[in-house]
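S.K.: Annotations per Swiss-Prot:
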type	residues	note
BINDING	Glu43, Asp68, Glu101, Asn124	S-adenosyl-L-methionine binding site
BINDING	Lys128, Asp160	substrate binding site
Amino acid sequence: MRMRKKPWARPELESCNFFIVNPKENKGKWNESFNNENPIYLELGCGKGVFVAVHGSDNENINYIAIDIKDEVLGLAKRNIEKAYNEKNKELNNIKLMAQEIGLINEILDENDKISRIYINFCNPWPKKKHKKRRLTHTRQLIQYRNFLKENGEIWFKTDDDELFEESLEYFKEGKFRIEYITYDLHTSGFEGNIQTEHERMFTEQGIKTKFLIAIKED
């Protein structure tokens with residue numbers, strides 16, 4: 001379902017001190033933007049921000065870059081992030097929110113940024129053959145991620161889509177990533193530390209199992 005236009009979103013984002021209007025300016029120097037040397041985690045397709053809001057407010061010693069493309073969804077993410085921090089009485093200084101085409105992620109990140117972990121949660125499965133190269137786990141995307149992932153950097157990938165998950169296993173192999181952990185039913189796996197996204201809650205209520213893996217960058 002297409003999200004309705006939200007005229008308030010762009011002005012509210014531009015007045016937000018953790019929204020980055022021109023992320024290309026920080027390429028290669030994101031630690032400087034955070035003003036510390038803490039590890040950086042990257043969420044690709046942050047949606048309404050529920051996931052990064054919980055993660056960031058619970059882990060003040062980790063920096064988070066959260067990316068999506070539409071102002072409408074980023075505006076909601078901004079509000080959800082602020083709400084999570086306010087409820088926990090936490091200072092919001094470890095999240096940077098921005099609009100960026102993920103297919104061009106190397107415009108804003110490079111090897112100097114040394115990203116420790118990437119989260120890909122319930123991305124578009126692009127089931128048609130001619131569209132599969134758009135998948136966030138496709139080999140050509142993984143090659144981009146390798147440029148800025150640190151040595152032994154991780155990708156945490158969750159999806160409800162069986163075909164996407166199975167084909168992504170081959171993508172990771174082609175992209176020289178080792179599968180460190182895999183489950184076809186995350187919620188009965190005993191894996192600790194999972195934070196549910198809004199999509200994950202919806203699919204779980206429908207009885208759809210969440211597939212999950214952790215892939216490690218290899219030399």
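Just so it is clear, glycine is given a Cβ too, placed from its N, Cα and C backbone atoms.
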S.K.: Looking only at C-alpha atoms, tell me how far Asp68 (S-adenosyl-L-methionine binding site) is from Lys128 (substrate binding site), rounded to the nearest Å.
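M.R.: Here the two Cα atoms are 22 Å apart.
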S.K.: Which one of these binding-site residues, Asp68, Glu101, Asp160, has the sparsest Cβ neighbourhood, judged by other Cβ atoms within 10 angstroms?
M.R.: Glu101
S.K.: With the S-adenosyl-L-methionine site defined by the record as Glu43, Asp68, Glu101, Asn124, how many Å span the farthest pair of C-alpha atoms?
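M.R.: Per the listed residues, the maximum Cα distance equals 14 Å.
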S.K.: Starting from the Cβ centroid of Glu43, Asp68, Glu101, Asn124, which together make up the recorded S-adenosyl-L-methionine site, report each further residue of the same chain whose Cβ lies within 8 Å of that point, ordered by sequence.
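M.R.: So the extra residues in range turn out to be Leu44, Gly45, Cys46, Ile67, Ile69, Gln100, Ile102, Cys123, Leu136.
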S.K.: If you measure from the Cα of Asp160 (substrate binding site), which of the binding-site residues Glu43, Glu101, Asn124 is the nearest?
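M.R.: Closest by Cα: Asn124.
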S.K.: Given the binding-site residues Glu43, Asn124, Lys128, which one is most crowded in terms of C-beta atoms within 10 angstroms?
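M.R.: Highest number of other Cβ atoms within 10 Å: Glu43.
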